[in-house]
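What Swiss-Prot lists as NADP(+) binding site is Arg39, Arg45, and the listing cites sequence analysis. Among the features that Swiss-Prot reports, FMN binding site is placed at Arg132, Ser133, Ser134, Asn253, Ala254, Gly298, Lys313, Pro314, Ile315, Pro316, Thr317, Arg339.
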Amino acid sequence: MRYITAGESHGPQLTVILEGVPAGLTLAAEHINKELLRRQKGHGRGRRMQIETDTVEIVSGVRHGMTLGSPITLIVKNDDFKHWTKVMGAEPISEKESKEMKRTITKPRPGHADLNGAIKYGHRDIRNVLERSSARETTVRVAAGAVAKQILKELGVEIAGHVLEIGGVKAKHISNLSIEEIQIITENSPVRCLDKTVEQEMMDAIDNAKSSGDSIGGIVEVIAEGMPIGVGSYVHYDRKLDAKLAGAIMSINAFKGAEIGVGFEAARQPGSKVHDEILWDEEQGYTRKTNNAGGLEGGMTTGMPIVVRGVMKPIPTLYKPLASVDIDTKEAFQASIERSDSCAVPAAGVVAESVVAWELAHALVEQFGKDRMELIQQNITQHNKYAKEF
């Protein structure tokens, strides 16, 4: 499976085309809209989320609530486009009109794609860069992830995400929660945190950053349960599932780090305390005493829960802008200011769920049959029986 997205932040719409989704998957707009709404929530979100209503239109690949096996096209309209029709129009405009309506940007923002992208593509107007590099594009990545979550659900895999840290405020580790319990708790938290004792402190940190014109980042975690043993591969570097998951996390806007299981903590512990001892019983088959590997060894699933974390840096658009240089005059200026969030970590957690869900669904479809859901389900059932008796 693969997908490609298109569209600009203030353009008419965002589009994603999904290829390789098996036939026979139950899919309706409500499944996708639920995830889009989750992305819009979270303490620290900016005014843009008050403008957009983010609902999906399914325009191909689905008939009467069932996928056909052909490419699926999903569209999300940008409600804010009505205020940008001249600025973001596709048709040519005169030089006079250009000066009046283009809202040209020549002062790149540190931390964004602005300067590097302008140099790469030769854009003298940085708006041509920021419109596409904006995290608004993650709207349709979440839509794609919603489809992946439907695949996982029908294949017996559950997934949830939560926030571990915001602006230096850390949540306590809470273990032994089911995926459903994590989902319920986080959906009722304005910062998607499992630890209610630090929830207000996280919100205060966000509010303080906003009032000072600053921004803060954080850490999110995604957990998936129900993956069969042996999904992925040790044979080739580009088929290792942990590599794909780390790459997916790093592809999210403003994410600067990824870890699986205990992650970087493994460097501080001896091997005897890091590696997960193997157990077997007649009821469960092969299991592990611990899950420090985060459900992945040698590029393949172990059958234990997948645990992936991502680090999000503070959003680079600041209301007290940093020093920059005008690319036209080369004079020192403060960077341009665009409408932005003070903290998008809770929303980014939803995006992280989506990209992890896509990689897991892709791996299952690739390994157990590509064409139809019924066949994939049968193959996974047979594989699980085989692995248990191995």
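Counting begins at 1 with the first residue displayed.
Cβ atoms here come from the backbone N, Cα and C positions, even for glycine.
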Reported as an integer number of Å, what is the Cα distance between Thr317 (FMN binding site) and Arg39 (NADP(+) binding site)?
19
State which of the following binding-site residues has the fewest other Cβ atoms within 10 Å around its Cβ: Arg39, Arg132, Lys313.
Lys313
For the binding-site residues Ala254, Ile315, which one has its C-beta crowded by the most other C-beta atoms within 10 angstroms?
Ile315
Assigned conformation of Arg39 (NADP(+) binding site) - DSSP reduced to three states
helix
Using Cβ-Cβ distances, find the residues under 8 Å from Ser134 (FMN binding site) that belong to the same chain and are at least 6 apart in sequence, listing them in sequence order.
Glu8, Ser9, Asn253
Helix, strand or coil at Ile315 (FMN binding site), per DSSP?
coil
Rounded Cα distance, in Å, between Lys313 (FMN binding site) and Arg39 (NADP(+) binding site) is 18
Rounded to the nearest Å - Cα separation of Ile315 (FMN binding site) and Arg39 (NADP(+) binding site)
16
Please report the Cα separation of Ala254 (FMN binding site) and Arg39 (NADP(+) binding site) in Å, rounded to an integer.
16
Please classify the secondary structure at Arg132 (FMN binding site) using three-state DSSP.
helix
For Thr317 (FMN binding site), the number of other Cβ atoms found within 10 Å of its own Cβ:
21
